[in-house]
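Student: Here it is, the structure, as structure tokens.
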Amino acid sequence: MEKIVSAGIVESYFDKLRRNLVLDVAIVGGGPSGLVAAYYLAKAGRRVALFERKLAPGGGMWGGAMMFNDIVVQSDALPILEELGVSYRHYRGDAYLVDSVHATAALIYAATRAGATIFNCYSVEDVVFKDERVAGLVVNWAPVIREGMHVDPLVIMATAVLEGTGHDCAIARLVARKNGVRLNTPTGEVIGERSLSIEEAERTTVENTKEIYPGLFVSGMAANGVSGSFRMGPIFGGMLLSGKKAAQMICDSL
Ligand code: 48H
Ligand code: FE2
């Protein structure tokens with residue numbers, strides 16, 4: 001048994017990795033927007049993998065608000081919750097309450113069940129930049145980056161990359177800085193997010209979900225960050241709708 005356990009894992013893992021070296025879509029970040037995008041892309045039959053640097057995908061959704069593990073979702077995002085099998089209950093007006101641990105687990109399950117592959121403990125440290133396009137990801141083990149070890153990365157090629165790194169806008173920043181290019185944002189640069197304003201932020205999260213450079217799409221909090229819009233606090237309808245829109249735009253572009 002000792003030999004079988006190790007052999008099985010090694011064979012299976014490297015087979016999985018080899019099958020995902022060339023993708024239709026590579027998603028950076030396993031927050032709610034990236035997970036929803038992974039679900040819809042896999043459902044549409046695209047070869048999609050998501051790279052998350054933490055052990056557990058889910059980003060900022062596990063902890064609810066200040067670790068009170070419930071979140072709010074508005075009615076226009078309820079069809080997504082229903083499709084992904086997430087339970088919710090009405091609170092007041094347009095606000096519905098969702099247990100954040102249940103919702104996060106459900107998003108991960110739905111995305112992987114639909115056929116998306118998740119690589120956790122991977123840090124995306126750079127992109128492939130070819131013929132004035134983003135053409136893939138440069139990845140390394142997250143602990144390698146954290147330890148500051150000088151170990152060279154591997155490359156994942158992808159027709160489209162989705163930047164879903166949340167508040168940091170890490171991928172958009174490095175694409176603009178390293179290659180001296182202008183992004184499709186109001187200033188051509190990563191503007192950075194503004195303070196909290198819920199209705200405005202929820203609307204613009206979806207509006208700002210777009211292709212910001214050839215081959216590079218942006219979703220979720222990063223969509224608002226790159227375009228200089230507001231944050232919204234523990235309300236997640238915009239994140240879910242942004243992930244769905246990103247998947248649709250990417251499908252249309254492939
Ligand atoms: C691999 C990386 C890298 C990297 C980061 O922040 P997230 O939850 O992302 P979104 O945009 O889907 O959701 C935002 C939401 O959680 C939120 O913060 C809200 C609604 N805030 C409102 C407010 O006012 O604060 O997840 C991003 C994920 C995380 O899991 C990171 O670990 C991961 O991306 N990540 N993974 N390589 N270079 N950078
Ligand atoms: Fe946040």
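Placement of Cβ uses the backbone N, Cα and C atoms for every residue, glycine included.
When I checked TrEMBL for this same protein, it listed these features:
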BINDING   Ser33, Glu52, Arg53, Gly60, Val124, His150, Val151, Asp152, Met221  NAD(+) binding site
BINDING   Asp152, His167  Fe cation binding site
BINDING   Arg231  glycine binding site
TRANSMEM  21-42  transmembrane segment
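I'd like to know what surrounds each of these features in this structure.
Tutor: Taking a C-beta cut-off of under 8 Å and a sequence gap of six or more, Val124 (NAD(+) binding site) has these contacts in its own chain: Val28, Phe51, Arg53, Leu137, Val138, Val139, Thr165, Ala170, Ile171. In the three-state DSSP scheme, Val124 (NAD(+) binding site) falls into the strand class.
Neighbour count (other Cβ atoms within 10 Å of the Cβ, all protein chains): 16 for His167 (Fe cation binding site).
Residue environment of Arg231 (glycine binding site) contains 16 other Cβ atoms, counted within 10 Å of its Cβ in all protein chains.
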Student: When the Cα-Cα distance from His167 (Fe cation binding site) is computed for each of the binding-site residues Ser33, Val151, Met221, Arg231, which gives the smallest value?
Tutor: Met221
Student: Looking only at DSSP and grouping its letters into three states, which state does Ser33 (NAD(+) binding site) belong to?
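Tutor: Where Ser33 (NAD(+) binding site) sits, the three-state DSSP reduction gives helix.
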Student: Which of the three DSSP-derived classes (helix, strand, coil) applies to Arg231 (glycine binding site)?
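Tutor: Where Arg231 (glycine binding site) sits, the three-state DSSP reduction gives strand.
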Student: Among Ser33, Asp152, Met221, these being the binding-site residues, pick the one whose CA is nearest to that of Arg231 (glycine binding site).
Tutor: Met221
Student: About how far apart, in whole Å, are the alpha carbons (Cα) of Ser33 (NAD(+) binding site) and Asp152 (Fe cation binding site)?
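Tutor: Cα of Ser33 (NAD(+) binding site) to Cα of Asp152 (Fe cation binding site) measures 29 Å after rounding.
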Student: I'd like the Cβ neighbour count for Arg53 (NAD(+) binding site), meaning other Cβ atoms within 10 Å of its Cβ, all protein chains included.
Tutor: 24
